[in-house]
Each structure stands twice: as C-alpha cells, then as structure tokens.
Amino acid sequence: MKLIEIKNPTGLEEDLLIIGDNHADSNLLKYPCRINSLVALVCQKGEMVVNINLNEYHIQPGTMILNIPQNIVQLKKQKECKFYGISISTSFFEKTNFNTCDLIPVYIQIRNEPCLQLTEEENDIFCKFISLIQLIGHSSESPKKKTTIRELSTALINQLYDTILKRKPIAESESKKNRQEIIFGKFITLLAQYHMSERSVTFYAEQLCITPKYFSSLVKKLSGKSAAQWIDNYVILEAKNLLKYSDMSIQEIAYRLNFSTQSFFGKYFKHQTGLSPTQYRTQT
C-alpha cells in the first residue's frame, strides 16, 4: 500500500517510493496496517499522533518516523501534516552492494526508538537528498539515470544510518535498566515475532526462562496491562491489518493466525472488538 498519494518519477517503483512535499491524507492509515518496507518520514509542518506496535508517539515538525517491516502502524489523529520521506523495499538492498549486516544495530535502534527528533542540519540534509532524487527522477531519460538514483538513495541510507546511530547511547542505556524492564522489552520483541502463532502466556514465560506467575505479575506491574491483554492486542492488530489490507478470506486469516476454525476466530474477534470480522472488514 502507498503511505501517501505520491508521484514516483524514479522508474524504480518496485524498489523505491519518494515522498516529497506531501500533505497527509486524513484517512491515511486509519486502520492498523503493516507496511512491508523500510520507511523514513520527516514531518515538516503540522502535528499528528501515531500508534506503532501499541505505543503512542506525538509527531511535530522535525520528527522522523521510522518503520521496519514487522511494525503495525495506525494514525490516530493529524492536523495539516506535511512530510518528506522515502520508502525502500527489502529487494532494494539485495540489488545494491549495501552490507545488510550493518543494518542490524539500526534495526535494533528503530525497534526501540521508532521516532526521533532531528536537528535543523539533519533535517536539511534529508530534505535536500529527497529533493535531488525527485529532481533527477523528473529529468529526461539518460543511460545512467537509474544508476544515479540508486546511488543517491544508497547515500541517503548511509546518511540515515549515521543519523540513527548517533542516538545509539539511548539504546545502550538498556544495560542500565533494571532486570524487569529488560525482560519486558524482550517480551515485546518476542510478541512481535510470534503473535501470529503463539497466544499462550506460558509460551512467552518459557522463552524468557521465568515462571508464568512471575512473568504475568511483572508485565502487569510495568505496563498496567496483563500479558494476556498484550497478546490479545497484538493478535487483534494483526487481524485488523489482514481484514482491511489483504485479499485473504476470513477463513484464511483465521488459519494464518493459528485459530483452529473460522468460527473460533470470529468469536474471539467479536469478543475483543464488539464486531464480527465481516462487520469490521466492510465498515468505512
């Protein structure tokens, strides 16, 4: 899906989308969805509230929003937002000489901090990269046009890499957290990985090598929600994403989320949301 109604002149539609000088649609990401690409958006004007993996973030001018494919994103509200940004498919990295191993610390940082406030200089550099890629994309065809766009995009990724890892001390402060906070963070990481197949509190407790009783009390203490509620919330977010943005039948979605029958999935979904899967899928 496209994040914003954008003009993509690069000729690399399968790999790269440039988001330049766009206003966010009020219906943009109205429902929880998964964007299967690396996305970097910088707010230039206005304000918005976005929910990323059940965490709420307030966006203002100069805020960069970063997405990795595993995230589930929902726009809660926005006021006259204007963005510059780039969306890069995973296949882009396969077609360049970019060392994907270098992305591991960036991935961890984005997982921990999906939004960051840019300095004026960082924002200026990012916007100039986007404008230059767009300018070349709009130019007349030439033998090296695609190569130039790819190399500029790779340079922008390297710039983003440096910008993100400047904040690495934030991620490294994990070591200063107490043990309970570290366990809770690991639980959220596991939940993002396994929520489509595992809904048992016991499963996550075992992965963390602690008892289910201690695990449940720890999660409740730190977050105010039970572990079971966290699991249900992730499953429902995924179900909503598939119902709104996929062509899968409700039965296929039920099996994808590891429910034994469509009927069981329907009862579970209605208990959590007050709507049947069909009602949710057809509502506007």
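Positions of Cβ are set from backbone N, Cα and C atoms, glycine also.
What TrEMBL lists as domain 'HTH araC/xylS-type' is 185-283.
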Report summary line: DSSP puts the residues of the domain 'HTH araC/xylS-type' (185-283) at 73 helix, 0 strand, 26 coil
Report task. For the domain 'HTH araC/xylS-type' (185-283), would you mind checking the mean pLDDT of the predicted model? Result -> 92
